[in-house]
Ligand code: SPV
Ligand code: MN
C-alpha cells in the first residue's frame, strides 16, 4: 500500500505510520482527496490516545477557538452571531425531491459545496478522527471518520464519540465507514452549506455551530436513519433513560423536539442517552444503545434547584466546553435562567456585553444565546448508567413522544397499542419552534418523532418501517404521549417543571401493573386517585381535583383539528401506509363521537 505524495507531504513520520497501520485503501483515497481539494498546511491523525486528546485541546486554545475558564478543564467557545443553531435553510440532502425535506439535485449540490471547500483549509492544520457510533464491536456499531480544520470540532467529537482507530485497524481494508468533511472556510456564514450525499459523505463549510459541524451528531443521523429504514431497525432522535421500579430498572426512550424537555427527562433516571438512539430487534425485544458518549445540551434555564445533576457537572472540574454563554473577566460563566446574579459586563458571542446592549437593529442582546450549550462526557453525570457500553443495548419497555404544545395535548397518555401510539403520538407530533433551529419562535411545526429536520427518506417509508419493526417484536414497548407545556385559557402553564417526575412514575407503575387508567378517545390517561397518590409520594404535593380536571380534560375540538391537519398532511404523502390513515380516521371518529355526546371538552369526571 502506498500513500500518495501529496498526502505524504503533509504528514510527519509518526502520522505517516498511523495511516499505514490502517491498511485501508479507501481511507487513504478519501484523505488524499480531501488534502488535494482543501489544501491544509499539515495533517494530524488521531489514534485517540491521551496525548492526542491533550494535543487537540491545546490547539483549540492556541487557535482561540476555545478560551480557558476559571474551573480546571472548562473552556468556552463562541459561534458567530448568525451561526447559533441548526441551519435548516443551508442544509441539503442530495436527492430527488422528498416531501418535507430540503433536497438538491446531486451534481448541483456537489458542485456548489466543492467550490466552497476548494482551498478552504489553506494555512490550517487538518485533523482526522476515527470514531464508532454505538458500543464498539457491538452489532450496533457504525464506523466514521471526521476530517476538520477546527480543533473545537474535533475536541467536541472526542468528548461525544467513542474513539475507534483500533476498530479500523482490526477490520483492515474491508470496512464501510461514514465520512464527514468540515471546514471553517472563510467563516462567511452567508456561504454556509451542509450537504448530505447518500454516497456516505457529508460536507459542511462556513459554520462552526456543533449541530452543523460535528459530523457524527445530526449529520450522521441523516445517513443512519436511511440505513435503518433500509435494514429494518430504528435510528432515532431519542433519549434513553432507566426508570427505577419496585424490582427492576425499566428502560424507556423519549423523543422530544429540541428544547422541549428531553434533556431534563433524561436526568430523571439512569442516563443512557440524552439525544440519540439506535434501536434493534433481538429475539423479539427492542434493544437500544446510545451512538454517543457525551451530552451537547441546552444550557438556558439550567439551575441548581431544577437540574441538580447538570448543575454539578457544570461546576465541577472536568471536561466541559461551554458555547455561546457569557464569560466574565474572572473566567466565570453566566447564562439566562441560571438564577444567579447577572454580571455587569462580560464577553459573549457578539463581543463585549453589558446589560441593555443592543444589536444593529436595536434589539437587545441577551447575555447568553437561548441555544447556548454545554458539551460534557456522559461519565461526568452522577446518574450515568453503568450499561452505557453494553454491546447488547438495554431492553426498551416504553417509548415517550413529547411535544411543546400550549393548547391541546394532555400531559401524559398511554396509547391503545404500538400502532396507535406510533401513528397518533409519534407520527402526529406538532410542537412550538424553539431556539434550537434558526427561525421564528413559537410557531407550531409538524415534527413527527421529533426528527423532521433529519428525515432522509419519504415519511411514508419511514412509518412503514416503524410499523413493521413493531410487528417483529414479541414485547412491544408501550407508547406514551407527553406534553410538559399545556396552558390554561389565560396562558398560564398548568404544570410545574417537576411534575414530569410524576408522569414518569406513572409510566413505571403502568409497566409494573400497579397504576390504573381511564379510557378516552385519544388514549389511556391516569386516574385522579393515582395521581393524587403519586403527587404526594413523588413531590409531597397536594394534587387537587380541579388541577386534574384542567390538565386531563380532553380538548376534543382542538384534538379533532389537530388530527384533521395531520391526516391531511399524510394523505398528501404518496407512500403513506394505508394503516396510518386508517388509524387516524378511527381516532377522528372516536373524537367526533365524544363531541356529539359531551361538546367541545370531555372531563375525565364524566367517566
Ligand atoms: C438538537 O437541537 O436537537 C441538538 C443539538 O441535539 S444539534 O446538534 O444542534 O442538533
Ligand atoms: Mn437533538
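The backbone N, Cα and C atoms fix where each Cβ goes, and this holds for glycine too.
All annotation found in TrEMBL is predicted automatically rather than curated by experts.
These figures come from a predicted structure and were not determined experimentally.
Annotation comment: TrEMBL describes 30-228 as domain 'Phosphoenolpyruvate carboxykinase GTP-utilising N-terminal'. In the predicted model, the domain 'Phosphoenolpyruvate carboxykinase GTP-utilising N-terminal' (30-228) has a mean pLDDT of 97.
The secondary structure of residue 371 (substrate binding site), as reduced to three states from DSSP, is coil rather than helix or strand. Annotation source TrEMBL lists substrate binding site at 86, 209, 210, 211, 258, 371, 372, 373.
Cβ environment of residue 237 (Mn(2+) binding site): 221, 255, 275, 276, 449, 450, 451, 454 lie under 8 Å away, each six or more residues apart in the same chain. For 218, 237, 275, the entry in TrEMBL reads Mn(2+) binding site.
The annotation domain 'Phosphoenolpyruvate carboxykinase C-terminal P-loop' is assigned in TrEMBL to 233-587.
According to TrEMBL, the feature GTP binding site maps to 259, 260, 261, 262, 263, 264, 373, 404. Long-range C-beta contacts of residue 373 (substrate binding site), restricted to its own chain and to partners at least six residues apart, with a cutoff below 8 Å, comprise 210, 296, 297, 298, 299, 322, 323, 324.
If you look up TrEMBL, you'll see 260 marked as active site. Within 10 Å of the C-beta of residue 260 (GTP binding site) there are 27 other C-beta atoms, taking all protein chains into account.
By the rule that a residue counts when its Cβ sits under 6 Å from some atom of ligand 2, the binding-site residues 209, 263, 264 yield nothing.
Under a cutoff of 8 A between CB atoms, and with a sequence separation of 6+ in the same chain, the neighbours of residue 211 (substrate binding site) are 85, 86, 217, 218, 296, 436. Proximity of the binding-site residues 86, 211, 218, 258, 264 to ligand 1, judged by a Cβ distance under 6 angstroms to any of its atoms, singles out 86, 211, 218, 258 in sequence order. Secondary structure at residue 258 (substrate binding site), taken from DSSP and collapsed to helix, strand or coil, is coil. The Cβ of residue 372 (substrate binding site) lies under 8 Å from the Cβ of 84, 298, 299, 300, 322, 323, 324, 325, 335, each on the same chain and at least six residues away in sequence. The shortest Cα-Cα distance from residue 371 (substrate binding site) to any of the binding-site residues (259, 260, 261, 262, 263) is found for 259. In sequence order, 238, 239, 254, 255, 256, 274, 275, 402, 450 make up the list of same-chain residues 6 or more apart from residue 262 (GTP binding site) whose Cβ falls under 8 Å from its Cβ. In this structure, the CA atom of residue 260 (GTP binding site) is 20 Å away from the CA atom of residue 209 (substrate binding site). Excluding the listed site residues 86, 209, 210, 211, 258, 371, 372, 373, the same chain places 84, 85, 296, 298, 323, 436 with Cβ atoms within 8 Å of the centre of the substrate site Cβ atoms.
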